[in-house]
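Note sheet for the following structure.
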Amino acid sequence: MSDPEASDADAPQQRAAPEKEFDAWSAIALGAITTNSAIGLVLTFASTITYGGSMLLFYGFPIISLISLGAATSLGELTSAYPDAGGQYIWVARLAPPKVNRFFSYMTAIFSWAGAVCTGASVCLVGSELILDLVEFFNPQFHPEPWMVFLGYQAINILTLIPSFYGKLLNNVTKGLMLFTALLLAGLLIALFAAAQDRRSAHDFFTVFHNISGWSDGMAVLIGVNSLQWCYCCLDSMVHIADEIPNPERNIPKALIWSIAVGFVTGMICLCAYMFATDDYDTGYSSLSITFQAFSQNQGAAIVIQVLVFVSTIGALWGIHVWQSRLAWTIGYNRGFPFGKYLERISGAPYGTPVYALIFSAFFTALLGCLYLGSSTAFNSLVSASLLFQWLSYSIPVVFLNLRGRSKIPHGEFWFPTLGYAANAMLVMWTGVSLVIYCFPYTLPVEVGNMNYVSAVLCGTTLLSVLCWFGYGRKHFRILELDGSLESIDAVNPSLEAKQEGELKESGRLAVHDI
């Protein structure tokens, strides 16, 4: 791993870590509140139903859930083998050939962190729009100006950042937010079934394909299913608390799988409840308008639900601050960013968290908000690219894992010798599909207002990352956790490997415990 140009004169010998404030339940809670699949569906109904109506949602959501399960399984296998707060870029450093592992590790680190920051920007925007939608709902003559959205965006970013400084809050707040979201969904479902007067027929719900996007039906399906990926974004948020939870090699894979399971069950129930109560797909492009219609135009119910969804969205942003800061913290430790000696610091009492890394990531989230003032279209393309950054960061280590050979690494307890190949293939292939489909315009005919610049964002970010590598990373970036271990990757954990070989001979596969 050593490189003659790499300088680690100012690097610490051991990475300081926050206290282990998480347990298995709070890790599951962190995954549940950040992915927040059911609430994500509520927020994307208005934009997704244009590609096929309830039929697309009903059949598309299980498809994206299965694909996300493949991603979660792939992440879980790698976490079980190599638990580390750096996650994807650490795995790339371990698995890629020595001649290129620093470069690809650096690129993966940038994609991971960029995906987290852009997702945070997206949630800040959603939170601001939820509030302004309420104002417009009360006063139809009111039309929000970009500067109003911008101010709300920045206020939400700051207000959710401050509580993230306090490590002692992590365990209880994540569990509390998960409980709040669960109660919200339960109340929402009961109210929907009680309030709806004119429910749609089963025939309309399951068999009528309602495409008003301008695209052909086949293309509309691909774009619509891709849009549903928002329901499972932030999957790797759990991976990056590996230093803050006991037995991360077991608890994090458990949290990943449970996040998908909970998201699928709650999402399907919420989807059916909403769609059976909604039949006007031209009602408007906001979650509030869909909720208002679903509650038989009951204004009070729609407002209460909007406020509760806003609170749940704020909870998701709190979890995203944790996610993006842990990435900045570990990348700073490895000198992937300037000011790494500050980013790596764990602040003392009463914080116990990487406060500098939290501020650093939140600053870039705030900076992205300034783009909204200049061009909302450019901003939307940037935050849309966050999903692609995430999936790229998942796929790169998986590609190198399979190039090296899945059987040639000392894996952990969470391992599927056969199904793991299918999960890996599903993840990589869907990443390829998303890279193509997500770059198409959202609707036809194409106009300036609905043009999609995701491809430009991807190319620009990749080019900028390469320039940063040659200008900074090539000299400073080191994977200090792995020095001295990469020459013999298969001997990283020889005792575990020997144990696994015995189990494989005896049973033909390793058991997956406690999932």
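The backbone N, Cα and C atoms fix where each Cβ goes, glycine too.
In TrEMBL, the transmembrane segment annotation falls on 56-75 of the listed ranges 56-75, 216-235. Outside the transmembrane segment (355-375) by six or more residues, the chain places 113, 116-118, 120-121, 124-125, 146-147, 149-150, 153-154, 157-158, 161, 164-165, 321, 324-329, 332, 337, 339, 342-345, 347, 382-383 with a CB less than 8 A from a CB of the stretch. Using a cut-off of 8 Å between Cβ atoms, the transmembrane segment (24-44) and the transmembrane segment (415-438) share fewer than three residue pairs, counting only pairs 6 or more apart in sequence. In this chain, the transmembrane segment (178-196) lies out of contact with the transmembrane segment (56-75); the count of Cβ pairs under 8 Å, excluding pairs fewer than 6 apart in sequence, is fewer than 3.
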